[in-house]
Amino acid sequence: MTLNSSTEDGIKRIQDDCPKAGRHNYIFVMIPTLYSIIFVVGIFGNSLVVIVIYFYMKLKTVASVFLLNLALADLCFLLTLPLWAVYTAMEYRWPFGNHLCKIASASVSFNLYASVFLLTCLSIDRYLAIVHPMKSRLRRTMLVAKVTCIIIWLMAGLASLPAVIYRNVYFIENTNITVCAFHYESQNSTLPIGLGLTKNILGFVFPFLIILTSYTLIWKALKKAYKIQKNTPRNDDIFRIIMAIVLFFFFSWVPHQIFTFLDVLIQLGIIRDCEIADIVDTAMPITICIAYFNNCLNPLFYGFLGKKFKKYFLQLLKYIPPTAKSHAGLSTKMSTLSYRPSDNMSSSAKKSASFFEVE
């Protein structure tokens, strides 16, 4: 694309060097359909997660705080998804004005950072709870968890500011359509490269390394605990869960991160081949569907690793309201934290039985 100086009606006019890139009839049908499915499943699932954690489980643990915020971040994003579905169904014609363009774009960016940061904190919390249960008890408090979530929301908001500032409505003169897009002037290459690298590094590389390290250390601690506790049967499900969590995160986000960076190179004119631009523009919405569908399933995925979460979730589906009896098991909850200081490795093996309990 080449920026033009014309700004009639307050909308900048640009030329699209590859006007047919990513414009395929199957994309205009398939992607809105997938967005609609993600919207329905995500709103339903994440709303139930919020109700279960807040009203049934009463938000009593660190893990539940992170999961609640994860579900809320997903709901904020999902509310803007119908706009993107309409936008794609209308063959990338944006009818909602510049303000909604910025808000919807910021919501997508915010969800990316908030979800990734929360999953990273959740992995650190699991590491501390399982590997260092005694040492971390004073640090793993509800106050610390809530303050951490506030910081995460602020950081995600700051990381989303470029979408508010630089995402705008543009009129493409050679195709006569109005789009909601990032557009960079070719002479200013520092900004888009900086934003692209920030998204790649801050939104994926660093979090993935922390998540990988946390669960690897958990894996090693549990293996060591099982060797010491020879009479304790090894729970292979825990190791499968760890592997699934790491791979789930990696393969959900890698495609989107790769094509995001390629898109920056196209915007800068470093990649000028329209065939490559077509591949990138066609694949981009598909990678978005993969990343954000998995993102919206995360609260359910992590929640269902806890037995009591599944119990309350099924109660909710059966329209059984939360009662005082639902929270009578406080001694059971506290027992998972009552370890003898001299029995740290033994407690790791015991703790693996409730690897992701959020109650």
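A Cβ is built for glycine as well, from the same backbone N, Cα and C atoms used for every other residue.
As the structure is a computational prediction, the values presented were derived from the model and not from experiment.
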Of the candidates Cys76, Cys121, Cys149, Cys180, the one sharing a disulfide with Cys101 in Swiss-Prot: Cys180
Membrane-side pairing of Gln15 with Lys223, Swiss-Prot annotation: no
Cys18: disulphide-bonded cysteine as recorded in Swiss-Prot, out of Cys274, Cys289, Cys296: Cys274
Recorded positions near Arg167 (angiotensin II binding site) (Cα-Cα within 10 Å), from Cys18, Asn176, Cys180, Cys274: Cys180
Minimum Cα separation from Asp17 (angiotensin II binding site), reported as the residue among recorded positions Cys101, Asn176, Cys180, Cys274 that achieves it: Cys274
Neighbourhood of Cys180 (disulfide bond) by C-beta distance under 8 A, where only residues 6 or more apart in the same chain count: Tyr87, Trp94, Phe96, Cys101, Ala104, Ser105, Arg167, Asn168, Val169
Feature contact check the transmembrane segment (26-55) with the transmembrane segment (99-125), CB under 8 Å, 3 or more pairs: no
